Structures are given as C-alpha cells and as structure tokens.
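Engineer: I'd like to ask you about the structure that follows.
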Amino acid sequence: MASTDSSSAAALPALSERPSRAEAESAIRTLLRWAGDDPDREGLLDTPARVARAYEEFFAGYSKDPVEILSTTFSEVEGYDEMVVLTNIRFESHCEHHMAPIIGKAHVAYLPDRRVVGISKLARLVDIYAKRLQIQEKMTVQIADTLQQVLLPKGVAVVIEASHGCMTTRGIHKPGTSLVTSRMLGAFRDDPSTRREFMSIIGQKRSE
Ligand SMILES: [Zn+2]
C-alpha cells in the first residue's frame, strides 16, 4: 500500500545512515562535560552506554512502519458496524523541541466499514508514533490519519491528553497542566450523535 504520510518510516533516513553506537556514547560524554560534570568519575562511567540503551527504547518507533503493521493485520468483517473504542492507552513520548518526556494517554475510536484490527494493534499504533520525537498535535493527526488510510472506516476519532516535561520541569514550570488534542474524521466530525457517543464513553472512563 502506498503511503502518503511523510512521517511514516519510509520517509525517514535509512537505519544504515545512523551514527554508530560508539559515536552516540561519545556524544553523551560531551553532554555530560558540557553540563559541568566529569564523565570519567566512577558514577558516570557507564552512563553513556545506559543512555544509549534508553534512547533505543525511547525512540524504537523509528524502525517500525505503522502503515505496514496495520495493513498486514486487519481482517475483513461483514456486518460489524458498531463503534470500536480503546480508551486510556498510556504512552510515553518525547517532545521534539527539548527531548523532554511527554506522558499521557490516548483514546482511539473508529467506526468500521468491513475492516477491523485487533485492539492490541491500536495500542501498538499509538506506541510507534509515541516512540519518536513528537509534538502532541502531530502525533494525534498521525494516529488518526494512519487508521483512516489503512482501515478505510466510516470515521476515526483520536483524543490525546498529556503532560509535557518541558512545561513542568523547565521554562514556566507549571506542573499539573495537561494538553488535550483531538482529531475527528468522517462520522465523528460530521455526525454530532456519533461524536457525542465517543466523548461520553471517554468522559466516563476519564472520570473513573
Ligand atoms: Zn518541549
């Protein structure tokens, strides 16, 4: 399936163009020195390797193509046309401006038109986009548009609420703030009763 999403894995630099692990660790040593510490002191000796391993986990989403994962796992189902909603998908991401953590939850829904995917794939989709450098608005659009593109449903709704490390631990230091973004497509945008049903499902789950 052709991908028009410029943010999908196909549009990213090939993994072979990445710097080596040794180069990454040496860059982390530089940052430790720049912060004012001594990378050769005992407590920091293993830090560059640990940070590199943590980065492999934080940014694992670059090596996965969400369009491909959904395209190879959907099933054609005749006659199921009720809303599918997965609420409170917890995720951890990092903002592309400060590389500070973004921690939150996503609520994802679609109204199938024959194609359905297992719910674990919805969580997987959120994770793949979360495990990249992000801005929350872009991530919300990417999740919704990928579902739309692959499942061709009657509608898609994505709501994300998250707290941003760059707001809470630096800059204006406002802990407790949470940013809410949403993208509604198809029936969720055009049909107020569909949108209401979704908002009431996630509203109930949010207040539990
Ligand atoms: Zn930031």
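Using N, Cα and C of the backbone, Cβ positions are placed for all residues, glycine too.
Copying in the features that TrEMBL gives for the protein in this structure:
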- Cys95, His98, Cys166: Zn(2+) binding site (BINDING)
- 1-16: compositional bias 'Low complexity' (COMPBIAS)
- 25-202: domain 'GTP cyclohydrolase I' (DOMAIN)
- 1-23: region 'Disordered' (REGION)
Engineer: With DSSP assignments reduced to helix, strand and coil, which class does Cys95 (Zn(2+) binding site) get?
Structural biologist: strand
Engineer: Would you count the other CB atoms within 10 A of the CB of Cys95 (Zn(2+) binding site), including those on all shown protein chains?
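Structural biologist: There are 18 of them.
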Engineer: When a 10 Å sphere is centred on the Cβ of His98 (Zn(2+) binding site), how many other Cβ atoms does it contain?
Structural biologist: 15
Engineer: With a radius of 8 angstroms around the mean position of the C-beta atoms of Cys95, His98, Cys166, what other residues of the same chain does the Zn(2+) site pick up?
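Structural biologist: Going along the sequence, the neighbours appear as His94, Glu96, His97, Met99, Ala100, Ile102, His164, Gly165, Met167, Arg170.
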Engineer: Run through the Cβ atoms and count how many others sit within 10 Å of the one on Cys166 (Zn(2+) binding site).
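Structural biologist: Taking every protein chain into account, the count is 16.
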